[in-house]
Structure formats: C-alpha cells, structure tokens
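Structure record follows, encoded as structure tokens.
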C-alpha cells in the first residue's frame, strides 16, 4: 500500500484539480457533492455531471490554505478489472494552533482584499478537512454575481503567500448546505476524514465582527460620496 500522495499533475501544482468531471449528455445526473459543496472526491473522473456555472455569487479558491492531507482515496481495479478503491491514511505533522492562526490571517487577508477590490463579501469558509479534495479550499460568497465575476476574472492572475491562485465560479448557492453540521456543532464527525462536507475552520468571532463592521462602514461612506 502506498503511503504517499498520488503524483497527479494537480497535486504537483499545489492544488487538487479543477475537477469539472463529465460534461457530456450521457452522464446520469448532476453530482450532488459538486453542486452542494463545490468539490467531489472523484474529481474529473466522476461519472456524474460537474456543472460549471456561468454566473454565481460564490467563488472557490483551490488549495489556498495550507491544510495538511491525512487521508486520500486511492482508486484501483481488481483482478476482474472492476473498479475498486480504498482510503489511505498518512501521518502528517499537524499543529492545530499554527493552523488556527493561519486560518485567521487568511480570512482577514481575503476579506479585506476581495471586499475592497471586487465588492461586498457575504461569507468566507475555510475548509479544514484533512482529505485531498476538500482540505485547503476556500469558498467566498459575494453579495452580487458581478463581484464574483470580477473576482474570478482577475484573481487567477495573482499570487498569495508565494503560490499562484487558482479559483473558479462555484455552483454552491447555500453555504450552510456545504458545511458538516455535526462538526460545526460538536467539532466532531463520525465520518472523520472521509466526510464529503466541509469541516469549516473556526475564525475568531471578534475578527469576523470587526471585518463586517469595517465593510459596512466602508460601503456606507462610498454611498455618501455618491
């Protein structure tokens, strides 16, 4: 059994992939995980549709948060060439305090930059899952589709923390549907690293309150100038 991550082009680029899956008419149905969460364990090999929205209020930033990977799904085939697979568990060094601090810093950096440059931000969710397809992703929901479109158009030419930014318009409409309720309520989830819903990083409430208040004041000042 391999104990290292699969060396896919996506992994070598520092991101999962831009996993849009099948877009042909023969796919049975839309992938519910892609639609609700914005990411899918099977990536571009998913048998279901990964619809790419032309308009959305939500932008997915792929692997912008330095979250370690502890579990990944290793696909294989048995002797009769039937699809098979197993979850492979790694043993990375995890410093929760460092990850918490990095999450707060990333949240503030994104909120300030995106709000001022593109438009009002409604929510930011940092994925703290220790799996390959979710961990490190960040969902940003704007108050308008126009703001999200500007963000998508311009941020792919930028860098953050020494890494190129990769982002896309996301099909996620309701952030609450993307978040694992068990983990949000109790900080525990029976599915653990195999959960396909977001285990959101907790951000300091005082920081969130301060940023939202600053955003309201900033846009109110713009209205008074007009």
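Here the Cβ of each residue, glycine as well, is placed from N, Cα and C on the backbone.
Looking at 179-202, 203-226, the range tied to zinc finger in TrEMBL is 179-202. Check TrEMBL against the ranges 25-53, 54-82 and you find zinc finger recorded for 25-53.
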